[in-house]
Amino acid sequence: MNAWEVNFDGLVGLTHHYAGLSFGNEASTRHRFQVSNPRLAAKQGLLKMKKLADAGFPQAVIPPHERPFIPVLRQLGFSGSDEQVLEKVARQAPHWLSSVSSASPMWVANAATIAPSADTLDGKVHLTVANLNNKFHRSLEAPVTESLLKAIFNDEEKFSVHSALPQVALLGDEGAANHNRLGGHYGEPGMQLFVYGREEGNDTRPSRYPARQTREASEAVARLNQVNPQQVIFAQQNPDVIDQGVFHNDVIAVSNRQVLFCHQQAFARQSQLLANLRARVNGFMAIEVPATQVSVSDAVSTYLFNSQLLSRDDGSMVLVLPQECREHAGVWRYLNELLAADNPISELKVFDLRESMANGGGPACLRLRVVLTEEERRAVNPAVMMNDTLFNALNDWVDRYYRDRLTAADLADPQLLREGREALDTLTQLLDLGSVYPFQREGGGNG
């Protein structure tokens, strides 16, 4: 059956700031306390969506979350009106204010793990929300992510959206950033590759930085998504590269159809994994980048592998890269050699995503891949699909509500909270989502 990969990109939120919240993510730590530009960040993301849509790659948008997230501050013991809560936390414990104001939901590669209908036992598309258990600021995302996905994939005959796994370290799940799918045409059954960093009873694990994904979580997600057990492989990421800042697999590998583009040090027991994939995926091609050409350190600093690998109708592929790759002489030299070599990659598209990159999120972090048949695509909420009208409407919306300068101190401004709620109220109408945010459901309006 014919099917297409639709990229659902996260829209950067109004409180995008640099707080260094993500230990193990070296870009996040390095840019801590810099001044951010939320308006520019949102526009950089929108431009990527629009240019890819114009190039023929189906594209949609997932909205940001409500931030600062006052309900969690109340759970932490701050009381009074919303304004009083903000004032108290800013004075007494500003680190909590930064955490509940994080715009991290924009990295929707961590929103959920997807199983296309061709891979599932019941023939539905399955989406399991990630619990993002390893980082407090990200663990707050799951309930609203679930509401948003249910508003976008709202036809229960075609889509099953599952709640996140329990919030315990044993079941730490980071979503599609640790998941690849390999195979032929998108509509054919594919091989799902789940990548984990640690498992109970296995001493092979990183020592410097945390392994965020567990094998136990990956196995549970595969069960929830009803993936045919014959179409699943579980593989461990190389713990040494996690200790070098590869906090998700999508920082060291990316797949599309029959191609796996990865660093030669990406996986534990890599040669064994690739042999398994060759045996189980027709036409499988591994493009392994040698450390002699691109070091792990350079891969992390340029986000070479946090790229998007997209298929054209003729079978050729486009690699979507951040500008940092072009600015690194060694990485750019390698990429031009890759273009000239015998493989399906025939074009490089480069985007300026500096605002997101400075927090450790490249092109692949910003998108959630969902393979859909034509019938399934028609069942998606049409208001989120990117086109000229939506692009212009969202740019106008960003111009109206977003600030062009934000520091950690600005997060205590009650006006920022009001602006954010008014903006999201408007956005839910624009995207025909209904009341998906807690402040809307509580009848709090814009106050």
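Including glycine, each Cβ sits where the backbone N, Cα and C put it.
Quick caveat, the model's predicted, so the values are computed rather than measured.
Copied over from Swiss-Prot, here are the features:
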| type | residues | note |
| --- | --- | --- |
| BINDING | 19-28, ASN110, 137-138, ARG212, ASP250, ASN359 | substrate binding site |
| ACT_SITE | GLU174 | active site |
| ACT_SITE | HIS248 | active site |
| ACT_SITE | CYS365 | active site, nucleophile |
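When the alpha carbons of the residue listed as 'active site, nucleophile' and ALA19 (substrate binding site) are compared, the span between them is 18 angstrom.
Residue environment of ALA19 (substrate binding site) contains 24 other Cβ atoms, counted within 10 Å of its Cβ in all protein chains. Summary: among the recorded positions (ARG138, HIS248), the fewest other C-beta atoms within 10 A of the C-beta are counted at ARG138. Across the structure, ASN110 (substrate binding site) and GLU174 (active site) place their CA atoms 5 angstrom apart. Cβ packing within 10 Å was compared across the recorded positions LEU21, CYS365, and the lowest neighbour count falls to LEU21.
Ranked by CA distance from HIS248 (active site), the recorded positions ALA19, LEU21, ARG138, GLU174 have GLU174 at the top as the closest. Rounded to the nearest whole angstrom, the C-alpha distance between LEU21 (substrate binding site) and GLU174 (active site) is 16.
The Cβ of ASP250 (substrate binding site) lies under 8 Å from the Cβ of ALA109, ALA176, ALA177, ASN178, PHE305, ASN306, ALA364, CYS365, each on the same chain and at least six residues away in sequence. The CA atom of ARG138 (substrate binding site) is located 10 Å away from the CA atom of GLU174 (active site). If you measure from the Cα atom of ALA19 (substrate binding site) to that of GLU174 (active site), you get 20 Å.
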